[in-house]
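Down below is the structure, laid out as structure tokens.
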Amino acid sequence: MPSAPAAPDAAASVAPNPPAALPVTVRWLGETPYDACFDAMRAFTDARTPDTDDEIWVVEHPPVYTLGQAGNPAHLLVADSGVPLVKVDRGGQITYHGPGQIVAYLLVDLRRRKLMVRTLVTRIEEAVIETLAAYNLASARKAGAPGIYVESGPHRGAKIAALGLKIRNGCSYHGLSVNVKMDLRPFLAINPCGYAGLETIDMASLGATADWHEVAQTLVRRLIAHLDGATAAAALPQQALEQSND
């Protein structure tokens, strides 16, 4: 688990195209408890300077529910589910993280990149939509409901990705999650993101056969491309994506 401002040996710091683009450090953290990531991203944000590179942390969490700072605890429907609940300082309501889900934390200096919060959210959403499209899954935004939803078919309207950020001193932390191949039953114990009866789905249930690591690589490429306003080629060299801290 990284601690601010020291960098783990496994970090890959690369500058995406074009050459003038700002560098991004990608950290592959494997399976890490949620509390450890939460504490580390806040410490990183508090310690960063105007010269600190932006970072993306890619992680898989053991089962945990997280409740946003304005979230209503009543959206946890089963008090004795056996899954811990952590109250956090991001926006949004309650969600679930667990094995088989990609979680990507975006530690971004919005002022340096001249990004408004809404612009950053839109670019994150577009990166997720493009990632899912790479596996022949059509998805879309939904007005008034942050996240990404299945666009067509029998699971139309089901949520497949969640998003929630915190901005402190012009810098973001927290991020997004994409359901790849996971046990979806814990979502039945909550109103996902505060919406009663909202179906939650994963890529495997929609027929996608790609594994977690492959999808994570695709997602990171798209996120970095969109951080710099790109909409085309992958932004990270494959060798950098393949580094891990195993």
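Using the three backbone atoms N, Cα and C, a Cβ is placed for every residue, glycine included.
If you look up Swiss-Prot, you'll see 50-231 marked as domain 'BPL/LPL catalytic'.
Ile94 (substrate binding site) falls within a strand segment according to DSSP. Just so you know, the Cβ of Ile94 (substrate binding site) picks up 23 other Cβ atoms within 10 Å once every protein chain is counted. The annotation substrate binding site is assigned in Swiss-Prot to Arg90, Gly91, Gly92, Gln93, Ile94, Thr95, Tyr96, His97, Ala162, Leu163, Gly164, Gly175, Leu176, Ser177 on the grounds of sequence analysis.
Annotation comment: Swiss-Prot describes Lys159 as site 'Lowers pKa of active site Cys'. In this structure, Lys159 (site 'Lowers pKa of active site Cys') is part of a beta strand by DSSP.
Feature annotation from Swiss-Prot assigns active site, acyl-thioester intermediate to Cys193. Cβ neighbour count for Cys193 (active site, acyl-thioester intermediate): 21 (other Cβ atoms within 10 Å of its Cβ, all protein chains included). Cys193 (active site, acyl-thioester intermediate) carries a helical DSSP state (H, G or I).
Each of the recorded positions Gly92, Tyr96, Lys159, Gly164, Leu176 was scored by the number of other CB atoms within 10 Å of its CB, and the largest score is that of Tyr96. On the backbone, the CA of Gly92 (substrate binding site) and the CA of Lys159 (site 'Lowers pKa of active site Cys') stand 14 Å apart.
Sparsest Cβ environment among the binding-site residues Arg90, Ala162 (other Cβ atoms counted within 10 Å): Arg90. Rounded to a whole number, the C-alpha distance linking Cys193 (active site, acyl-thioester intermediate) with Arg90 (substrate binding site) is 12 angstrom. When pLDDT values are averaged over the domain 'BPL/LPL catalytic' (50-231), the model yields 92. With respect to their backbone Cα atoms, Ile94 (substrate binding site) and Lys159 (site 'Lowers pKa of active site Cys') stand 13 Å from each other.
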